[in-house]
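Peer 1: Right, I'll just put the structure down here and ask away after.
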Amino acid sequence: MLKPITFHFETGAKKALDPDVARIRLAHAKESLLIREDGLGVLEVGAGGEMKDITRRKLVLLARKIVSVVKAHHIERVHIDVADLFRQLGDSHLHLKEEELAELISTHMELANFEFVVYKSEPKEGWKFLRDVFVTGCKTKTVQKAFLRGQVIAKEINACRSLANTPGGDMTPALLAGAARNAVRGLPVKITVLGEREIKKVGMGGILGVSCGSDEKPQFIILEYRGGTSNEKPVVMVGKGVTFDTGGLNLKPSDAIYEMHMDMSGGAAVIHAVALAARLGIKRNIIGLVPAVENMPSGSSYHPGDVLQSLSGRTIEVLNTDAEGRIILADAITYAKRYKPRLVVDVATLTGAAMAALGQRCSAIFTEDETLEHKLRVWGEESGDYVWPLPLWEEYDEEIKGTFGDIANVGKTRYGGAITAAKFLHAFAKDLACPWVHIDMAPRMTSIEGEYLAKGAVGVPVRLLLKIVEDF
Ligand code: BES
Ligand code: MN
Ligand code: ZN
């Protein structure tokens, strides 16, 4: 596995740097350039415009671009002068505190330094990654601490990316439960995993229905972190944990199936968001719930037309076995009620329709709480886990009325699929006595060209979840 970057902090007067440490300098140009000055390497990273025009979004990309350029030049050790960077940003309209900038830089450098190499043989000369960053120009210890905090956050996100990237053959529901145990090992988090028998006993017929086509037994993963006072209501996060989504008997076409080992990305995000909150000692109570199943076609699969008995008491008419995520989430959302939550957030790679609506730049959010919706957009901008709202209007209820069951798992028309999926969840979330938000992260399941992140999972919305539990 790749090691995280080591940050070395130097205060006071600039010491003479090792000749093999490249200095990083931002340039207005688009392209980047490696030059030699006084025997030292200077890497000019092209910001693609003047620093005064920089936005927070551009800064995120710039921090990642530094690493991408460094790797392209096979440089392992660099020097960043934070004071100089602050100066350059001084006349921009960005009003970032120094510690905010420090956290942002270290987070995004660490994210850009990640690649999923677990299944690759190491080249003889070893992996080429950025190893050391010599940081000078931090005015205070707070700024240094922010660098380290940013790195803790990014390491957790990278662990989430590894988990989401793991092939389906090596990431079954039972193995996902094992990965959750690993993720919180040594942290003050209580983990409980319900097996098939207990899931049956509780009455989560949705989870049982989806899982019955697979040889792999379903698991219901429960994480409890209590960093707040004993009478404070928790935030409950629910993550979709479909370890492989073939579509079931409504089998997916070949070109839509190969990435479906990542259909547990929401679950991975919830697991690592709980771990991160515990690692940072956030003073809040947080519960993570991950229903984990494999959606397979076989002689024992659930059928289109089956009617499942959900935990809520409502029956679910399965019109399409490929709309499985909402079925398992419905049971988990109902289960969340037991914790008397102050907020329930669910995260899922739920619909291709969310991608059709929004492209691959942001996750879709759905909530009836307008204040919360606004806050989520702000937190999205701050965290880089961008989100955009879609409606939950009553008119859409018509779409998912059941014929032989209370509620159908797909809409009557083929339009607005992200919304009908959200409305389905809403029918169960209505029973909660607290605000609820659904995050359809399918658009952000994998990285895209130009965001300077390795192919595969991007680890959203771990940072956004952290903001939610910290600030809600
Ligand atoms: N996991 C998929 C959604 C998905 C597709 C996520 C592509 C990420 C990338 C989900 O279970 C699914 O199959 N949804 C169907 C719903 C349809 C049957 C109503 C879809 O989006 O096609
Ligand atoms: Mn599906
Ligand atoms: Zn799915």
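Every residue, even glycine, has its Cβ placed from backbone N, Cα and C.
If you look up TrEMBL, you'll see Lys252, Arg326 marked as active site. Under the heading Mn(2+) 2 binding site, TrEMBL lists Lys240, Asp245, Asp263, Glu324. According to TrEMBL, the Mn(2+) 1 binding site annotation covers Asp245, Asp322, Glu324. Marked as domain 'Cytosol aminopeptidase' by TrEMBL: 320-327.
Context for these features, please: burial, neighbours, distances.
Peer 2: Under the three-state DSSP scheme, Lys252 (active site) falls in the coil class. For Lys252 (active site), the count of additional Cβ atoms within 10 Å of its Cβ stands at 17 [all protein chains shown].
Under the three-state DSSP scheme, Arg326 (active site) falls in the helix class.
In the structure as shown, the Cβ atom of Glu324 (Mn(2+) 2 binding site) sits within 10 Å of 30 other Cβ atoms.
Within the same chain, residues at least 6 positions away in sequence whose Cβ sits under 8 Å from that of Asp322 (Mn(2+) 1 binding site) are Asp245, Gly247, Gly248, Asn250, Leu251, Lys252, Asn295.
Using a Cβ-Cβ cut-off under 8 Å and counting only residues 6 or more beyond its ends in the same chain, the domain 'Cytosol aminopeptidase' (320-327) has close neighbours at 206-207, 209-210, 213, 240, 242, 245, 247-252, 263, 293, 295, 297, 301-304, 308, 310, 348-350, 409-410, 421, 424-425.
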Peer 1: Consider only the recorded positions Lys240, Asp245, Lys252, Arg326: which of them have a Cβ under 6 Å from an atom of ligand 3? Write none if no residue does.
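Peer 2: Asp245, in sequence order.
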Peer 1: Take the C-alpha atoms of Arg326 (active site) and Lys240 (Mn(2+) 2 binding site) and report the distance between them in angstrom, rounded.
Peer 2: 8
Peer 1: Those recorded positions, Lys240, Asp245, Lys252, Asp263, Asp322, Arg326: which ones have a Cβ sitting under 6 Å from ligand 1?
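Peer 2: Checking each Cβ against ligand 1, the ones under 6 Å are Asp245, Asp263, Asp322.
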Peer 1: Of Lys240, Lys252, Asp263, which recorded positions come close to ligand 2, meaning Cβ under 6 Å from one of its atoms?
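Peer 2: Qualifying residues: none.
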Peer 1: May I ask which residues of the same chain, at least 6 positions away in sequence, place their Cβ under 8 angstroms from the Cβ of Lys240 (Mn(2+) 2 binding site)?
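Peer 2: The list for Lys240 (Mn(2+) 2 binding site) reads Asp263, Met264, Ser265, Gly266, Gly267, Val290, Pro291, Gly325, Ile328, Leu329, Asp346, Val347, Ala348, Thr349, Leu350, given in order along the sequence.
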Peer 1: Near the Cβ of Asp263 (Mn(2+) 2 binding site), how many other Cβ atoms are there if near means within 10 Å?
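Peer 2: I get 27 for this one.
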Peer 1: Around the Mn(2+) 2 site recorded as Lys240, Asp245, Asp263, Glu324, what other same-chain residues have a C-beta within 8 angstroms of the site's C-beta center?
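Peer 2: So the extra residues in range turn out to be Gly241, Val242, Met260, Met264, Val293, Asn295, Gly325, Ile328, Ala348, Thr349.
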Peer 1: So how many other Cβ atoms are close to Asp245 (Mn(2+) 2 binding site), meaning within 10 Å of its Cβ?
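Peer 2: Total other Cβ atoms inside 10 Å, all chains included: 26.
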